[in-house]
Amino acid sequence: MPYERLIYLADTDAAGVVYFAHLLSICHEAYEFSLAQFGINIKDFFKDSPVALPITQAEIQFFRPLFCGDRIQIDFTVRSLSENEFQLQYKIYLAEIMVAKAKTRHVCIAPTARKRIPLPESLKHWLGYLSTLEETGI
């Protein structure tokens with residue numbers, strides 16, 4: 001389920017190119033968009049939630065610069081790593097050319113105890129749904 005976005009001036013640094021942390025943030029937008037498209041209301045999911053999903057690892061690699069006005073598309077795949085951890089791998093395209101790739105690893109914890117807990121059923125279903133899309137090539 002691709003996510004499309006225009007690069008804004010606020011996404012760029014003093015040199016006029018997208019700042020690396022901003023592209024990671026835009027990748028996170030794609031993740032949130034996917035959750036919403038699946039029917040997970042993010043506001044309700046995290047409001048007084050017994051679950052938190054901190055990012056424990058993030059990396060990004062650029063193959064060419066992105067500029068204000070560029071329209072990008074982000075595709076990502078998901079991989080379940082354990083009962084409480086998953087990873088998203090993003091590919092960022094400009095006019096069908098991959099210009100960057102990124103990865104984020106998320107862990108499910110109980111926010112007060114700060115201990116790992118199993119992913120909630122809604123996220124397990126979302127992970128399964130995305131895995132099915134990947135397998136069928138949709």
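Cβ atoms are placed via backbone N, Cα and C, with glycine included.
Feature annotations, courtesy of Swiss-Prot:
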{"type": "ACT_SITE", "residues": "Asp13", "note": "active site"}
Structural state of the residue listed as 'active site', classified by DSSP into three states: coil
For the residue listed as 'active site', the number of other Cβ atoms found within 10 Å of its own Cβ: 11
